[in-house]
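Inspection log for the structure reproduced underneath, given as structure tokens.
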Amino acid sequence: MSKQAAVIELGYMGISVKDPDAWKSFATDMLGLQVLDEGEKDRFYLRMDYWHHRIVVHHNGQDDLEYLGWRVAGKPEFEALGQKLIDAGYKIRICDKVEAQERMVLGLMKTEDPGGNPTEIFWGPRIDMSNPFHPGRPLHGKFVTGDQGLGHCIVRQTDVAEAHKFYSLLGFRGDVEYRIPLPNGMTAELSFMHCNARDHSIAFGAMPAAKRLNHLMLEYTHMEDLGYTHQQFVKNEIDIALQLGIHANDKALTFYGATPSGWLIEPGWRGATAIDEAEYYVGDIFGHGVEATGYGLDVKLS
């Protein structure tokens, strides 16, 4: 894949929510994100670093993923990737300056992945160097972002092969990394794909799902912040779907907790650097035992 036509990070995402106030409290008190409310009636923003925002919270009541925003390096890469998508038969829409400004980027195109997940490709995000990130609660460190983007997502797909083809076209590498034996004798396969040093930025499998978004992973630089987040979930009796554990692929210490929208957040620490060599696993290193059920991850991992 030419560098002239490749995504380099998950730059931003949009979510829709039914209870904006619950999300403001959750984002700050539970996770340590910064809320930025600029007086817009239909949205507010969540910050993790110097970017104007990393997450847009829309008040339209769907409680699901609205879009994922994938960054390319600049205008030449943007134009080349757009042409790649057209040549491969995908429908894209190049947005005007008004739409681009709404996302606070210099250039924007919109499409959908094969699972119907709204997908945006952009260049030139707004970076507010005069407005340092101010966490919603005290943090020992910060969030891992930079050239690794904001984190990773698992999204719903109905055709894994087509999803792999689409994300490969965007410049991602990766394939099946987990083959998990199920009680019914079948095997669940999960694919993980990366576009930078983060072990993966997107993942998917052939699993039924009520929502587009299964979970979002955010990574702390300090284990103390992960530990405090876990403590906050327990203290506030928020559902924990998977207990603390370490994944076999990204080596991150994480747990999975419920958000006010019913999908999962995966706070983590110490994720490994992505590798290009393919390999797969049949379980995790330890932990990630199922606790609260019904969140789409009722699978024994260790």
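Positions of Cβ are set from backbone N, Cα and C atoms, glycine also.
Annotated domain 'VOC 1' per Swiss-Prot: 9-124, in sequence order. If you look up Swiss-Prot, you'll see 149-270 marked as domain 'VOC 2', on the strength of sequence analysis. Marked as Fe cation binding site by Swiss-Prot: His152, His215, Glu266. According to Swiss-Prot, the substrate binding site annotation covers His152, Asp199, His200, His215, Tyr256.
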Rounded Cα separation (Å) that holds between Asp199 (substrate binding site) and His152 (Fe cation binding site): 9
Local Cβ density at Glu266 (Fe cation binding site) - other Cβ atoms counted within 10 Å: 23
For substrate, whose listed binding residues are His152, Asp199, His200, His215, Tyr256, the greatest C-alpha pairwise distance in Å: 18
Mean of pLDDT values spanning the domain 'VOC 1' (9-124): 99
All-chain count of other Cβ atoms within 10 Å of Asp199 (substrate binding site): 24
Integer Å distance between the CA atoms belonging to Glu266 (Fe cation binding site) and His200 (substrate binding site): 14
Number of other Cβ atoms within 10 Å of the Cβ of His152 (Fe cation binding site) across all protein chains: 26
Neighbourhood of Tyr256 (substrate binding site), C-beta criterion under 8 angstroms, separation at least six: His215, Ile240, Ala241, Leu242, Leu264, Ile265, Glu266, His288, Tyr295, Leu297
All-chain count of other Cβ atoms within 10 Å of His200 (substrate binding site): 23
